[in-house]
Structure formats: C-alpha cells, structure tokens
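A.B. asks: Quick one: the structure is below, questions incoming.
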Amino acid sequence: MDYQDAIRTLNTLQTNASYLEQVKRERGDPQVQLEAMKGFLERSGLKVEDLDQLNIIHVTGTKGKGSACAFTERILRNYGLKTGFYSSPHLVQVRERIRINGQPISKELFSKYFWQVYNRLEETKDPAYASMPAYFRFLTIMAFHVFLQEKVDLAVVEVGIGGAYDCTNIVRKPVVCGVSSLGIDHTSILGDTMEKIAWQKGGIFKPGVPAFTVPQPERPLEVLRDRARESPCPLYLCPDLGAYEEDKVFPLGLAGDHQRSNATLALQLSRMWLEQQGYQGSGELKDLWPGAEPPGKKPVPLAPVFRPSIAMVQGLQDAVWLGRTQVLQHGPVTWYIDGAHTTSSVQACVRWFHQAALNEEKPVDGSEVRVLLFNATGDRDTAALLKLLLPCQFDYAVFCPNFTEVSTVGNADQQNFTVTLENVLTRCLENQKKWNQLMEEKVGQDLWLSAPLVVEGVGGRLKPDPLRSPLLLVPSVERPLNANSLVFPCISHALQWITQGRDPLLQMPTTKGLHLHPVASTGAVLLKEATVIRVLVTGSLHLVGGVLKLLDQSLSQ
C-alpha cells in the first residue's frame with residue numbers, strides 16, 4: 001500500500017479537533033493520559049526507557065517553539081550529527097512532521113513505518129480500552145520508531161499542546177528542555193491566564209535536566225521558576241542575542257525581530273546539548289562570563305553568554321521554517337506568509353509585514369493594492385486578532401476556510417473529518433462581520449478626529465465637514481478607507497480572485513462566476529490594473545499550508 005493509503009488510514013483515527021476534545025475530558029488527571037500513551041507505546045513494541053537513547057531536546061512554548069526547534073536542529077546538523085525533528089502541524093504533507101537531517105522522511109519511509117506501527121497496534125487491540133491512539137499520539141509514537149530505527153544522534157521534539165498533558169511528555173530523560181515565548185492560546189485546554197499556561201508549559205521539566213527560557217512577563221516567569229524547583233531542575237533565562245554578537249549582527253534565516261529570542265534559545269539549547277554529550281572539548285565553545293542574576297531582580301538566573309562557534313552562527317543563518325515570516329515574489333504579486341494565530345504573534349507579524357513591505361520599492365504610479373487573506377479556528381478571539389491587523393491598511397480583506405478546494409477527496413494530507421464546509425464557512429462569515437464592524441468603528445473615529453468641524457443648523461450641533469475634509473471620504477485609488485471584504489468557500493477560489501491571473505507561478509483553472517458580489521467585480525478591476533499586489537496570509541498555520549501547496553507545487557511532490 002502506498003503513501004496515500006497510509007494517510008487515508010491515518011485520517012480514520014481522531015484528528016486534531018477530536019484530540020482536543022479528548023484532552024478536555026481527561027485533563028483532570030494528566031497521569032491518565034501519560035499512562036495511556038505509555039500503553040500505546042508498549043503495544044507498538046517500544047518501552048519508555050527506549051526513548052532515552054534518542055538524546056532528546058524537548059521544546060514547548062506558545063509561540064516560536066517551532067522556529068526555535070528549526071534553529072536548534074540546523075545548528076546541530078552543522079556539527080555532522082544525524083538529526084531527527086518532530087513538529088506539528090504539517091503545512092502540505094503529513095510526513096513534514098517527521099524529519100531526518102532537516103528533510104521530511106520520504107513517502108516510502110513514511111509508508112513503511114506507518115504500517116509497521118499501525119499493524120502492531122491492530123494486532124494488540126484490547127476491547128476494554130481505546131483500541132487505537134488518536135491522530136497526534138499515533139504520529140508521536142511513529143516518530144519515535146523512525147528516529148530509533150534510523151539511528152539518529154538526537155531528536156528535537158516540539159510539544160503539541162501545552163506540556164504537562166502533552167503526549168510527547170512521556171519522555172523521561174531529555175538532554176535539555178526549552179520554553180519559548182508564552183502567550184494566550186488553547187485556553188479551553190491550558191487555562192485562560194498566562195500563569196495557568198506557564199504551569200502547563202513547565203510540566204516538561206525533568207529532575208536534573210537543565211532548562212532554558214526566553215524573557216517572559218514577571219508572573220509567568222515565577223511560575224516557571226516554581227515548576228523548576230518542584231522538579232527539581234536548573235532553569236536559566238536566555239540573554240538577548242545582542243550579548244553574543246559583540247560587534248557583528250548575526251544574520252538569521254528566519255525574518256522578523258521576534259526571531260531573535262528564538263535564536264538565543266536555540267544557541268543555549270545547542271550548547272547545553274553539545275556540552276552534555278561531551279562536545280565541550282572541541283574548543284569552539286567558550287564562556288565569556290558566567291551566569292548571574294539579571295537586572296531587575298528576575299527570579300531566574302541568566303544563562304552563560306558564550307562565543308558561538310562558526311557552525312552555530314551558520315546554523316542560525318541557514319535555518320528554514322516554511323510558513324513563518326516567508327516572502328514569495330511572484331511577478332507583480334508579493335506574498336507575505338506567516339502562520340501567526342495568537343495576539344502576540346500577530347503583533348509580531350504586523351511589525352514584520354510593515355518592515356518587509358516598506359523595504360520593497362514603491363510603484364512609480366502609486367497603484368499598490370494590499371490584500372489580507374485570513375482565517376482563524378478554535379477558541380481564538382478573532383476580533384482581537386483582526387483589530388491588530390487594521391494598521392496595515394488593507395484595501396481588501398478575504399476570508400476562506402483552510403480547504404485548498406471545496407472538496408478534499410483527492411488530497412488525503414489535508415482532509416479533516418471533524419468539520420463540515422457549512423461550519424467553517426459560518427466561521428468565515430463571522431470573521432468577515434467582525435472585520436466590517438472594526439472598519440466601521442475605524443472610519444467613525446478617523447472622521448471625527450481628522451475632519452474639520454462645522455456647525456449644523458440653529459441647534460449648533462457639530463459634525464464633520466465632508467467638503468473640507470482631506471480624509472478620503474471618497475475612497476482614493478491608493479488606499480480606500482473602508483476596506484472591502486469577501487468570503488470564498490476555499491483557498492483556491494480566494495487566490496484566483498486575489499491574483500486575477502497575474503501570478504505567473506499559480507497554475508489553476510479559472511472558475512467562472514467565482515463571486516457575484518459587486519465588491520468582487522470592482523476589486524477585480526483594481527487588482528488587474530495595479531502595478532503591485534501585496535498579500536498578507538495569516539491567522540492559521542493550516543491556511544498557510546493550503547496557500548503554500550498552491551503557490552509552490554514542489555511542496556506536494
């Protein structure tokens with residue numbers, strides 16, 4: 001049976017949304033979940049102790065944990081080590097989640113290990129208990145089999161959700177642990193405060209295993225410190241990247257200022273792993289000064305600053321992590337792609353988009369059109385995310401589900417049986433409504449703040465004077481004040497409308513009668529005539545994956 005057969009069978013297991021519901025039901029006793037995971041692992045032919053051989057780097061966090069893992073993996077690969085990397089979610093193909101030496105395992109290798117693990121679990125079914133692990137648990141078990149049998153020197157393991165209750169937390173003895181920036185996400189599972197979320201993240205700490213975190217708000221940092229003391233394990237705060245750079249700024253493979261904290265976490269994780277594994281004698285690692293209490297009486301000591309080796313600096317520069325602060329230039333259309341989906345990560349995305357867009361040459365005739373392509377899922381506060389995007393001054397906001405096509409029958413990698421088209425389209429319409437409300441509020445505020453006031457009638461009531469106001473009461477060609485919005489049933493339809501056939505690398509048949517709304521007709525004219533089209537894709541990594549699948553055909557090969 002081939003790769004697609006394996007993926008279709010994998011999809012019969014509970015997918016992510018169902019797994020979230022299961023976690024909600026079981027979260028009262030994390031031990032129940034870890035024991036269940038241990039049982040599945042043993043049925044597959046492994047013991048928890050076997051995982052000690054993988055020399056694991058275990059990383060959690062709300063945002064940036066995948067990027068920190070990508071930096072770390074690339075650094076250690078530069079030392080000639082055979083690396084394993086387990087991450088989630090995938091963007092285009094499921095096998096992206098399990099990588100060896102930075103590359104997704106081949107379809108043949110995926111099929112081989114999938115059926116090996118699946119058949120063992122099928123043969124050991126117990127009618128009294130859950131017979132098969134959920135989607136994410138299965139892939140986690142499969143990743144461990146792949147890494148052990150392919151004999152990797154180390155495995156970088158990204159936590160799925162949280163930490164304490166996550167199925168990756170079955171690992172007993174990682175070499176080192178890391179916590180990237182904390183924020184509010186998955187509140188129905190992890191809690192609705194930063195402190196509760198920090199408690200969950202600190203659940204990956206293990207006795208005697210060194211741990212590192214990036215700068216956090218004071219209270220969540222104190223929670224991480226307390227979790228480290230309970231373990232007990234040493235916890236260090238990563239210095240600012242500038243402390244390593246001396247007189248030279250390190251170029252990073254991942255764009256955006258927010259990646260600097262992920263880079264410093266990766267440096268500390270890599271150095272500690274090398275030191276713990278006996279690589280400190282290489283002469284490339286040299287402490288400049290020991291750790292000390294950072295300014296402001298922080299509750300966690302500062303990690304040692306050291307002079308990064310050439311391999312480390314090169315690793316930071318060569319790191320690749322698709323779908324995060326990624327720019328694709330396709331003729332007159334420039335795509336800005338970032339899977340930000342929390343308030344803090346969207347804030348970082350907006351800063352990056354401003355920097356990246358402003359660095360581009362402005363068209364001589366000024367005809368630039370900006371488009372937002374957005375979707376958000378789960379329990380996220382969409383209104384809060386959209387409000388953060390208002391300063392980008394989009395001419396059009398486009399909303400669509402995370403489906404590349406209306407029907408996903410032909411693409412098992414992107415099938416999701418836990419939602420219906422009706423449900424996700426309803427969410428898109430709600431997102432559109434929230435955007436329109438935000439735009440109306442913005443128009444009202446801008447008019448009263450910027451328009452000259454005149455006295456109306458004998459009552460002396462003040463109102464903006466549209467004849468004297470310079471504030472785009474009539475939408476300008478460059479930047480309409482009240483950005484228009486549209487909803488499409490799938491990503492391909494949205495991209496067809498946005499590009500109007502002007503993206504030379506976007507190969508797809510034109511769909512007639514794509515959108516009969518007047519906004520679509522007037523917008524199509526502007527998009528066809530614009531010198532430059534800038535598109536920001538954000539709000540969901542699953543949306544980003546669907547867009548990349550259509551924009552870069554090689555990712556599907």
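Here the Cβ of each residue, glycine as well, is placed from N, Cα and C on the backbone.
Pulled these features from TrEMBL for this protein:
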| type | residues | note |
| --- | --- | --- |
| BINDING | SER88, GLU158, HIS186 | Mg(2+) binding site |
| BINDING | ARG324, ASP338 | ATP binding site |
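I'd like to know what surrounds each of these features in this structure.
C.D. replies: Its Cβ placed at the centre, GLU158 (Mg(2+) binding site) has 23 other Cβ atoms within 10 Å.
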A.B. asks: I need the CA-to-CA distance for SER88 (Mg(2+) binding site) versus ASP338 (ATP binding site), whole Å please.
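C.D. replies: On Cα coordinates alone, these residues lie 15 Å apart.
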A.B. asks: Sequence gap of 6 or more, C-beta under 8 Å: which same-chain residues meet both conditions with respect to ARG324 (ATP binding site)?
C.D. replies: GLY66, SER67, LEU254, ASP338, GLY339
